[in-house]
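Engineer: The signal peptide annotation in Swiss-Prot covers 1-21. The feature N-linked glycosylation site is assigned by Swiss-Prot to N95, N110, N195, N337, N367, N502, N510, N541, with sequence analysis given as support. Marked as tele-8alpha-FAD histidine by Swiss-Prot on the basis of similarity to another entry: H123. For H530, the entry in Swiss-Prot reads active site, proton acceptor. Residues or ranges marked as active site in Swiss-Prot (evidence: similarity to another entry): H574.
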Amino acid sequence: MARFNARLFSIAILGFQVARSAITYQHPDDLPGDVDYDFIVAGGGTAGLVVASRLGENSKWNVLVIEAGPSNKDVFATRVPGLAETLPTSHIDWNYTTVPQQALGGRSLNYSRAMILGGCSTHNGMVYTRGSKDDWNKWADVTGNRDLSWDSILPIMKKVEKFSEDFSDQSVEGHIDPSVHGNDGKLSVVASYTNVSFNDLLLETTKELVDEFPFKLDMNDGNPVGLTWNQYTIDHNAERSSSATAYLESTGDNVHVLLNTRVTRIVPTGKTNFRTVEFAVDAGGPRKQLTAKKEVILSGGFIASPQILMNSGIGDQEALKAVGVDTLVNNPSVGKNVSDQAATLVLFDTTLPNTDFDVDAAIVEWNNSHAGPLATGAPLNHLIWVRLSDDKLSGSDPSSGKDSPHIEFQFSKISHRIPPANVPNQVALPSQDSIGVVIQFSVVNLNSISRGSVSLNDNNPFSHPLIDLNMLGEEQDIAILREGVHSARRMLSSEAFKPFVNGSVHPPANITSDEDLDAFLHTTTKSYLHGVGTLSMSPQNASWGVVDPDFRVKGTTGLRVVDASVIPSVPAGHTQTPVYAFAEYASIVIAKSYN
């Protein structure tokens, strides 16, 4: 007997209209045998659910999404903004590990990626940043696709958004520029903030050190440099907004979602026509196949998508041969060009009030009223985007342009509690007993020029691939991160902070020279988990790259890729918003090709 299917519906009594939504299936055996799917989306993450939802707006098309993880509705913590930090390393995480990183003293880094419906939009820190105008214009130049230029993509980014005040109904005046935001989209975005004294000190610093830390009203206007209020993908009800909640839940019942099932390969239906998806529940289970009438859209993310392509015989011929995979399309660019951000955590001793709270009590409060400390994205609510002066750059400018930042400061909390050493990507920090209350934030090199790779470990689709970030592989990357630490120290040495900050704890205050700071960074740098580029988009007839400007995999028909892997380089910001924008744009491109 088939397992229970979740057909979610609501009946509007007036007019007797029935509003149906996507149908979910827990096991491949539950799939209906009488449905031919026009499109099969391999991966139900941030991009995959956007594409499935948009294609599903055509009621004549049947769409199937195959997702390796469970439903987001099964995991309470994915709903609560303040519980985001509990999700990495949990059962809804792929729990990847990189190969030893040469420039990090041979350390292997944990690499968190979501394995759940909604992907990283269900699992991340919810920060909503578009990147700079320069980023988008650079991508347009690199790919030969002018539709990706800032002026062309901005209407699509605004189309994504449903911007509103947060649960507290605090005015957003002075925190955002309403003219650069959308109000009618699917994805909820808020300028969520808490009233803490730290905010006032930061704003005072923008007046004192205006050249380095100017105040920026809205970081999402395309010119993000400066200190700005954070924006989050949280709805007015203080719940996380993700591609699962914002897109899938408003989708018709012509969209089917198969959960807990791994896509193993894309199989050719002809010599270069790849429209058949192979999938299985586990490594020992039977492999099943379904063929899309029109196309397969691969949306596994920047690690899983190249792994699936390589297991399908699309990749570097010599590398595939080495692991026993027959080459069907020889493309050495598959899995190359990993572009990511390097970061380090800094701690400053302070007499400011801490932002700690009783988590159990906060969960009760959130359950009862959707308010309290767990209703916001973080206890501290600012980001700073720093552009280094030319004299502080080591070599050529790695940013996308003159209006783009090199460094990000992301503030997290003021606390005596510091992350344990087993937190993903984390390294040993000062012992709890050796410090008091500390201001905690990340210093991020936004423009790493080092490039890494994702490659097959073997020909078992259920094995983790080899992930080499080549973190700090170029000297310029560590030089910029070092300048970021210097900049952070200047900020917290300002007149505004002097009465409240007693110096740097991590790195220790006695580490001041460039040489000593570099040694510190080699042992403490981690990934900021914003990897892109493994299946990079490139011009139509380019000799490099994996997908054309229409997202089709070069050398194939019937197969496109839509996710972070196609973005050529990491933006000067977080990657969530660009992935939404790429997915919305791809949906338009795909639909138009069948119009």
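Note: Cβ is positioned from N, Cα and C throughout, glycine not excepted.
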Engineer: Of the glycosylation sites N110, N195, N337, N502, which one has its Cα closest to the Cα of N541 (N-linked glycosylation site)?
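Structural biologist: Nearest candidate: N337.
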Engineer: Going by DSSP, is the residue listed as 'active site, proton acceptor' part of a helix, a strand, or coil?
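Structural biologist: The three-state answer is coil.
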Engineer: What same-chain residues, at least 6 away in sequence, bring their CB to under 8 Å of the CB of N367 (N-linked glycosylation site)?
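Structural biologist: None - N367 (N-linked glycosylation site) has no non-local Cβ neighbours under 8 Å at 6 or more residues apart.
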Engineer: What kind of secondary structure is N95 (N-linked glycosylation site) part of, going by DSSP in three states?
Structural biologist: coil
Engineer: Could you round the CA separation between H123 (tele-8alpha-FAD histidine) and N195 (N-linked glycosylation site) to a whole angstrom and send it over?
Structural biologist: 26
Engineer: Among the glycosylation sites N195, N337, N502, which residue has the fewest other Cβ atoms within 10 Å of its own Cβ?
Structural biologist: N195
Engineer: How big is the gap, in Å, between the Cα of the residue listed as 'active site' and that of N337 (N-linked glycosylation site), rounded to a whole number?
Structural biologist: 18
Engineer: So which of the glycosylation sites is most packed in, judged by how many other Cβ atoms lie within 10 Å of its Cβ, out of N110, N510, N541?
Structural biologist: N110
Engineer: In the structure shown, which of the recorded positions N95, H123, H530, H574 has the fewest Cβ neighbours within 10 Å?
Structural biologist: N95
Engineer: Pop the Cα-Cα gap between N95 (N-linked glycosylation site) and N502 (N-linked glycosylation site) into the table, whole Å please.
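Structural biologist: With distance taken Cα to Cα, N95 (N-linked glycosylation site) is 37 Å from N502 (N-linked glycosylation site).
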Engineer: For N195 (N-linked glycosylation site) and H530 (active site, proton acceptor), what Cα-Cα distance in Å is obtained after rounding to a whole number?
Structural biologist: 29
Engineer: Run through N110, N337, N510, H530 for me and report the recorded positions whose CA is within 10 Å of the CA of N95 (N-linked glycosylation site), in sequence order.
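Structural biologist: Matched recorded positions: N110, sequence order.
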